[in-house]
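Below: the structure, in structure tokens.
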């Protein structure tokens, strides 16, 4: 098991600063302010957890960069609401055709992308935390990290459901973001699980190369 090569504090602070510039820019005029506020509860919850983890544990450049990328995607989703991120407009601008048209999709799949990337992008940080906090063998780090992804994904789906019940109406539906799919929660969780499996596979095959350095 290789030792974790911690990212430099300067690099971490640079990402932290860039994130807040990005967050402030997208906070100015979100598409639906009420939904934006609900979505950003996650950002507010993540701040103390991130700072606490950074003070107590070492995280690699890979882990904090992957975490940063996920947070950027979440902020983008909260700006437009996940169901209305205009990736089709961007695709038409770049390629002359919408992504949905090219792939035969009928719905906005940005939410599905982010659920899958949650599993993929959080695996490095979860595994590095488990290595330091528990000393588990590598194979068990992967197993527990995948379980964490699935547990958090399931908890998030329950939180979405409760929020939809509490707020109801257009706000509840915007936050829930099912787009008429009765299996939306199950598909989101499945994608998070698949993302974590892909992440574990990448980390497994990457380990021998890191150990040689």
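From the backbone N, Cα and C atoms, a Cβ is placed for every residue, glycine too.
Where the annotation comes from TrEMBL, it is an automatic prediction and has not been curated.
Note on the transmembrane segment (12-31): residues 40, 43, 54, 64-65, 68, 71-72, 75-76, 78-81, 84 of its chain, located 6 or more positions outside it, place their CB under 8 angstroms from a CB of the stretch. The annotation transmembrane segment is assigned in TrEMBL to 12-31 (among others).
What TrEMBL records for 37-54 (among others) is transmembrane segment.
Sequence annotations record features per position, and here TrEMBL assigns transmembrane segment to 61-82 (among others).
Residues of the same chain lying 6 or more positions beyond the ends of the transmembrane segment (113-130) and with a Cβ under 8 Å from any Cβ of it are 4, 53, 57-60, 62-64, 66-67, 69-70, 73-74, 77, 82, 136, 140-142, 144-146, 148-149, 152-153, 188-189, 191-200, 202-203. Per TrEMBL, the feature transmembrane segment maps to 113-130 (among others).
For 142-169 (among others), the entry in TrEMBL reads transmembrane segment.
The annotation transmembrane segment is assigned in TrEMBL to 189-205 (among others).
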**Fill in**
Note: vs the transmembrane segment (37-54), the recorded stretch with the largest number of Cβ pairs under 8 Å from 61-82, 142-169, 189-205 is 61-82
**Asked** What parts of the chain pack near the transmembrane segment (189-205), using Cβ distances under 8 Å and only residues at least 6 beyond its ends?
**Response** 112, 115-124, 127, 138, 142, 145-146, 149-150, 152-154, 157
